[in-house]
Every structure is written in C-alpha cells, then in structure tokens.
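Engineer: Sequence annotations record features per position, and here TrEMBL assigns signal peptide to A:1-20. The domain 'Ribophorin II N-terminal' annotation in TrEMBL covers A:27-304. Marked as domain 'Ribophorin II second' by TrEMBL: A:313-419. TrEMBL lists A:427-550 with the feature domain 'Ribophorin II third'. Positions annotated as domain 'Ribophorin II C-terminal' by TrEMBL: A:583-683. Under the heading transmembrane segment, TrEMBL lists A:594-618, A:630-650, A:662-682.
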Amino acid sequence: MARNLAAFLVLLLSISIYEAATIYEPISDSHRTVALELFAPVNGSYASLEDTYEALSIYEILAIEKKPDVSTTACKKVLEILGSSSPPKDVFYALKVNGKLKCKVDEKVLKDIASRLKATVSDASTLLDIYHSIGSLVLIKDQTSNVDVLLADGDGAFQSIKALSQSDGRWRYSSDNPESSTYAAGLALEAFAGVISLASSEIDQSKIDTVKNDILKLFDSIEKYDDGTFYFDEKIVGGHEHQGSLSTTASVVRGLTAFSAITSEKLNLPGDKILGLAKFFLGIGIPGDAKDFFNQIESLAFLENNKIATPLILSVPETVFSLTNQDLLKVKVNTVLGSAAPPLTVKLVRGFKIGAEDSSIFESKELQYDSKRGLHVFSFLSKHVDVGSYMFVFEMVLHGTDDDKVYATGGQIHVPIYVTGIIKVGSAEIAVLDSDLGSVETQKTLDLSGNNVVSLSANHLQKLRLSFQLTMPNDRAFKPHQAFLKLRHETKVEHIFVVGNTGQKFEIILDFLGLVEKFFYLSGRYDMELTVGDAVMENSFLRPLGHVELDLPVAPEKGSRPPAPPVDPYSRYGPKEEIIHFFRAPEKRPPQNLSLVFLTLTLLPLIGFLVGLLRLGVNLKNFPSSPVNALYAALFHVGIAAVLLLYVLFWLKLDLFTTLKALGLLGAFLMFVGHRTLSYLASTSAKLKSA
Amino acid sequence: MAKSTSKDAQDLLRALWSAYSATPTNLKIIDLYVIFAVFTALIQVVYMALVGSFPFNSFLSGVLSCVGTAVLAVCLRIQVNKENKEFKDLAPERAFADFVLCNLVLHLVIMNFLG
C-alpha cells in the first residue's frame, strides 16, 4: 500500500515538473474581441491623445474593421495642441495621432513646431524632453516633406543622450538624477534611432558601435524564467515613476527595434532572447487593462517585424486525445500576431510517457503539412500507444537556406499530451472469508459497470476480500491515480483503504480482527463505496457496492471512542444562527395617582418646615443693609440657586462634562461672593460681640 | 399608678420642652431643617414599601439626598453651637460656608445617580 502511494507521489511530481513546459498561443480573435471593449471611446472620444493613439494603433495592428470614428473630436484636439505652444510630450502624442488620422494641419504650424523642437533638443537636459522632441521631429518628417527637420548638430544631440548612459547599459532620466533605469534605456535607444534618421550629416560609425555595446550590456541584465521566457525589469526601488516589468520590457523592445531598423549592420543578439521576449508578451494572456494591452500588442508587432530575428510560435490547439476518437495530432506554427510562418517542417524529436523518460515511443518523426488548413498533422494513436500522459518534443526545421538567420524557433519545444481511453473493469468479486482456514464463506460477483449492490454479513474473526481487474483497450494493465474503498458506518464514521494491485489485478483484504480497534468496536451496518479514478480514464467512477453487517466485540472500558463527526466545511460559510436579544421587561410601575399623592406628601414636610420657621419668628434682619453688601448677599443666593438649577438641567438633559465646566465657572463666582458676604457677616457679628 | 405614670411622662416632656425653649433660634432652625429632611426621607421609604423599589437608584438618591443633608445639618449644628468649646474658634459663617459647599457636592453626586 505504501509503495503504491509512493509511486503515486512520484507520478504527481513528474507531472508538476513538466507543467513548466508552457505552450504559448499566438494572438487570436479573442484578443480582438477584448480590444473592442477595452478601447471603446467614451462619448465619441478618448480621455487623452495618448489614449487615442493607443486605440488607433491597436485597431491598426489587429486589423480590426469595425473601428469607431473619432477623427472629428481627435483632430480638433490635435490642431488645438499644435496651434498653441504645448510641452514636447503633448506635441509628440498630437503628432502621433495626426500620423494615424491625417488631420489637416497647416505646414506653417509644423514649421514653427519644428524650429521650436530643434531649439529644445539643443538645450534640453532631461531624457524625456529629448525623447519627445526627437520623436516629434521624426513624426513631422514622416508626415510632410516640406518642413526642414534635419538636425544641424546631429553629433551634439547624440552626445547629449549618450551623456546620460550608465556603464551597465541603463540610462538616467536627467543629469542631476543618479538613478538609472531600464525603461529610460528603451527611450534612449528610440531617441538614438531618431537622431540617426534626422542627422544632416551621417553619424560616426564608432558612436553607433558604442550604443550597440550598450544594448549588449543591457541584455546582460535581462531576467529569465525557467521556460525560456525573457523580460526586463526595473531595478529602482522607490523611484518617482516606477514602471512594471511589462512596460519596461515594452519600452526596451520599442527602442531596440527602432534602433536595429535604422542601423545598417545587424545587431548581434541571440534569437533565443528575442523569442523569449515574445513568449513573455504572449505569456500574459489577454490583459484587462488598456495600457497593458497596448504594450503587449505593440511590442509583439515590433517583434514580428524586427530585423534581428522574427519569433515563430509553435502551438498545439488540442493536447487531449481519446483512443476512441482516433484524432490527429495537429500542430500550428505562426508568427506572434498569428500570421503564417515560412515553409518549414515540424519534427517530433521524441515522445515519451511521463514517468518513463528513458524509453521513448516516438523518435524523429516528421509531421505532414496540410497546406489547406495550414496545419502540421500526425496520426500517432495506434495499438501500442497506451492511455496516459506523454511529453512530446517538437522542433521546427526551416526550409529556406537563410531562414535560420531571419527566424527564431527556440530549438526543442516540450508539449504535454494526454491520451485518454475507456478502461475495462472486469472480474470483480467480493467475498467474506473465514480467517483461520481461509475458506470462502460467501462470495458474490459484482458488475462494476452496472448498479447491482450486495449485502454481506461478517464478524470480527472473518475477512472481507474485494478484487477487480483494470485493462486498457490494448489489454495492458492500467494503474489509476486513485483506487479507494470506503466503509461508512451508520454513525457517519468513515474509513478509507487504498486498493493495491499486482499487475492487472486489484485486490484488498480487510482482516476485521486487526481492524477492530480502528473501527472503534462499532458493530452494525457499513456502506461500501469504491472509487477508481484517473485524469486519463474516461470512465472513472465512484459507486456504492452495497453494505456489510459487521458483528464486532463489545468495546472494553478503555477502548478508544469514535471521533466526533466532522463538521461540514461549507457550513462555515453558510448563514450563522440568528442571535435573538432578550431585553429586561420593564418593571410594573405603580398607578400614577399614587405617585402624585406621594409627591404632594413629600412637599408636606417642606410646608411644615416653612410654618415652623414662621413660628420661630425668623427674620431677615441680619441681611446686610449697605447697598454693596446687600448686592453681594443677593448674588450669593442667586449663585446657589443657579447651581441648583444647573443640577436640575444636568438631570434633565446635560452631560457630566458640560455640567462640570459650567459648575467650575459658577463655583468660582460663588466662592467669591460667598466669601465677601460671609466675611462681612462675620466681621459685623465680631463687632457686636466686642461692643 | 397608671395615672401617675402618664403624669410623670407629661412632666418629663414639659421639662424637656422648657429646657429646649432656651436653645438659640438659629439652632432651632437647624433642628427644624433636620426634621424636615428626615420626614421627607421617611415618606419616600413608605412609598417604596408600598409600590416596590423599581427605579432603585432613584429611590436611593432621593433618600440619601435627605439623609445626607440631614447629617450635614447636624454637623453644622455641632459647629455653630456655642456650648461646644471644641469649635469655639470657628466662626459660624465659616461653618455655614462648609455646609453650603458640602451640600452642593452631595447633590452633584445625587443628581448624577438619579438617572
């Protein structure tokens, strides 16, 4: 049983290793559908000219027919920006949109802009200013031939860009910013290409060679995934404008292709890296963000037409084959944007079963080319192909003599292939055996493809034996991922056993004497369930086998108790029991009249007090007679009354803090007048005594 | 025998009353105030005994207000009484100021507790 599990784990491991061999699909119609949604204009226009340009480029690259018409609003914006003295960045995107839409821009306006941009180039200090100015001049050059855009001091412009380069092939944004950036390197390369095309006299070849050197150094810092994907990433941490790896790679690709297009000599870059960059862009699938989508598609368009190496993508539309259908293996070879590849032959270098790498079942087979459908096909399903997971290794052989230099095929490509089939289940039987003699007590045959169930009974001195056979269509033994027997007691206590195999025969013997402890001495009805499953088995099943009545001995005092039934994990996400709040019922209040009677009763002692005072002949003769002191005495009494009133307010509506604040003020006042009044009274009484 | 007992009691009370009549008026006022406070408290206790102590904090604050002010008045009386040599140096006005201050603090607490 343990060996079986170990083998299963090895199988899983080997599958997960080969999972790394990702197959890339070229750009297809699903991209076009998403593009229509992502680049749909809002109210007939886009938020900015940059967005407009990106949308127009995407429609052009993907050859989408149904493009929305935004030329009126966009051209109005273009003319507005070109007419005023806008910063180079705005001019750059305005000219890019103009290049797509052919707005009617006055040549005099372009002339003014050209002269202004030339001035910017000669005294710009930041890379972005130079990049946008040079880019704009190149766009003007492309759009009209009547404006003089040539740079008189091409070497100077070249030098001012080169001055910002770093020793590792990356660039700085400006001379006072020490951070170097890969994104900026892409911008710089594009600007170099612009300077070379704009220079009135030819740029010195040695300078161009130094830039080529920079490119090679930049490619030394390229990042890599295990499956041959290459990309660039920004290394700055905390930079003011951090770019992701997608936009960084897109920037480098844009610069690289622009530079390689303008220089006469070919750049000495390995085709693998170009193909790896293409794989990076294809590997992100269909981005949901317009900017990412634009970066992906534009970079792929540049890679498709670059002068270094055109990447070819091999894709296998279907990787799951059924032995019952006898389908053909189809392989497609396209460029990254999905157009046809040059004449070539696809070779199946080798094909082997996963888990048995040493023995390959195919070697050096050439696929037939179906020119009608543009597919390379191969009929590989035959008697000696088993059900299982395979790894096929393909290679592209180009027909043209110089094609090797123009195209990048990426050498050997690993593609996982799955062959499924219907597995025959036979000779299934279930039996109860006597333990000591091994003689069969009851035996029943099972039809595992049908629905028949058995009912058995056994005691703890007996054994249960289940056996069946699994065979592939070509009569070889099949070993599934899963073969489990489950016994479930009435009290929901479950026990799962792995069914082991020897060759074709799967067999499990449950010796109840040894399992008594494991079964928690629970006698009674056990439902049996058999699971046989595999990813490549078309008829995987989970079916009840019936039940067995077990008669087990009574549990001893210290016997282990069955575990609590597992809590349904989904109940954690279900609604919780409602919490009902009980409030204390208000106590019964006395009748209102009784309370009112007692209110008047409490007033009686007060009346008694007042009457008593009158009886005693209380007077106010001691009240100060001089006006000032009388005033103070009056204020003292008013103060006490005010504090008491404040207490009533505190009871009725104020909170403690407001009350204490007011009390502090009143208290200070009361202290003052009280002290004046009482000390005056004390002095008069002292005088009387002494007199 | 019984007649003489009641007569004795009458005599005793009369003697007490005449002795009390000599008390200064300001002390009598305080006594009257104490009686007023105690009776108010008693009425509340009777009310509670009749209808139950449901808003118990209200009952407590009502009774304690009366009892507290009565105790404070008793303290005032002790200090003001000229017979008490212990407080000879203390001016009655000062004692009254203490009484007012203590009452104000007491009633702040009472109001807070009243609910």
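Each Cβ is built from the backbone N, Cα and C atoms, and glycine gets one as well.
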Engineer: So what's the average pLDDT for the domain 'Ribophorin II second' (A:313-419)?
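Structural biologist: Computed over the domain 'Ribophorin II second' (A:313-419), the mean pLDDT is 84 on the 0 to 100 scale.
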Engineer: What does DSSP give as the helix, strand and coil breakdown of the domain 'Ribophorin II third' (A:427-550)?
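Structural biologist: Output for the domain 'Ribophorin II third' (A:427-550) reads 4 helix, 75 strand, 45 coil.
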Engineer: How does the domain 'Ribophorin II C-terminal' (A:583-683) divide up by DSSP, counting helix, then strand, then coil residues?
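Structural biologist: Helix, strand and coil residues of the domain 'Ribophorin II C-terminal' (A:583-683) number 79 helix, 0 strand, 22 coil.
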Engineer: Which numbers of helix, strand and coil residues does DSSP report for the domain 'Ribophorin II second' (A:313-419)?
Structural biologist: 4 helix, 58 strand, 45 coil
